[in-house]
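One structure is given here, and the rest of the page talks about it.
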Amino acid sequence: MDTLYEWFWWDRIWLPEGLTWADLEDKEGRVYARASHLYVTVPYAFVFLLIRYLFERWIATALALSVGIKQRVHVKPEDNPVLELYYTTQGRNPASADIDGLSKKSSLSVRQVERWFRRRRRQDSPGVLKKFREASWRFVFYLSAFIGGIVALYDKEWLYDTKEVWTDFPKQSMLESQYWYYMLEMSFYGCLLFSVAFDVKRKDFKEQIIHHLATLVLLSFSWCVNYIRVGTLVMLVHDASDVLLESAKLFNYAKWEKTCQALFVLFAIVFLITRLVIFPFWLIHCTWVYPVHHYPAFFGYYFFNVMLVLLLCLHIFWAYLILRMVKKFMFGTLTRDERSDNEEEEGEESSPTEDEGEQQNKPVNGLSANEKDDKNGSFGCMSPPENICWSKTVY
């Protein structure tokens, strides 16, 4: 274990040639980031989970009720061990041949088997209230983080000239504002990672997991090697579009259609500018070109840039989904979120009679009741993400 520890923290992996961890020890009035600081993000992540629970229960729910969003009670399917076993082990949407077989095994008619699966799917599908509460929580954090990032960076020279990111590197003293910016962002992404199992699940679920892990790895690495300046810039760039995404979702769920449409278009513009222009041509350029003017390339240099490129690939994936949605939005053919799983509309569970009919997704002014506006982010979050994190998309 000692040998493994020494190899993991070998100077040549983390730092440029000629530098050692001794160069990042507090001295001469300078305070440097330490790996041990990151331990606090774990309890902070659980604190965020508690705050989220209280916020969604007492504030987001009250806000949802004030705009007319209520929890819809679904008709519970009757207990049937045969159908339940198939649902949990084989799938939510049985093929016609399977339905015939299940009909014989359960002694129910084909129509009754189909109705049972419809009701069972509705029972598991997230309601609008749940989506509204999740979006409210993310909106509050992203807005707070974005404002906090502006306050922390508005008077810093590296915000306006990215060459200043590497001035005097690595002897750049850590600021208190940078400490809290990092700790809160990392704790929030840890919270997202812990809660991903019970959050609304999207088709880009795997991309969201990759995004959250990549974000935490990047933030942790940049913290340990004192890449803090560029790390704060990346977080700020990613937070900008996430605020608009979550606000568009909120107005969509509240059925403020024109406001939702305007925010969605604004989100798409900001997302494309920040994630596909500023991020690659300013920030990745900053981390790829300028460092070699100050020191030879080393393993950590390549690792950091490869991780940034991985995030860029996720951004391109989410941008593709966004542009598809914008195209359908403009031509009035958008009926659901490109990232959402196919699910029955909540409104269809109004009476037993309707269960007999075909289920239809009804578009609302180009945006469906399903969460079509999601990006991490969200479309990620970073993330774009969650949407299309993205996600958040810090990274």
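Placed from the backbone N, Cα and C atoms, the Cβ positions cover glycine too.
TrEMBL annotations:
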- 36-55: transmembrane segment (TRANSMEM)
- 66-127: domain 'Homeobox' (DOMAIN)
- 68-128: DNA-binding region (DNA_BIND)
- 130-331: domain 'TLC' (DOMAIN)
- 135-154: transmembrane segment (TRANSMEM)
- 179-198: transmembrane segment (TRANSMEM)
- 263-290: transmembrane segment (TRANSMEM)
- 302-323: transmembrane segment (TRANSMEM)
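Averaged over the domain 'Homeobox' (66-127), the predicted model reaches a pLDDT of 80.
Relative to the transmembrane segment (263-290), the listed stretch 302-323 leads the set 36-55, 135-154, 179-198, 302-323 in CB pairs under 8 A. Relative to the transmembrane segment (135-154), the listed stretch 179-198 leads the set 36-55, 179-198, 302-323 in CB pairs under 8 A.
Outside the transmembrane segment (36-55) by six or more residues, the chain places 136-137, 140, 179, 183-184, 186-188, 190-191, 193-195, 220, 223-224 with a CB less than 8 A from a CB of the stretch.
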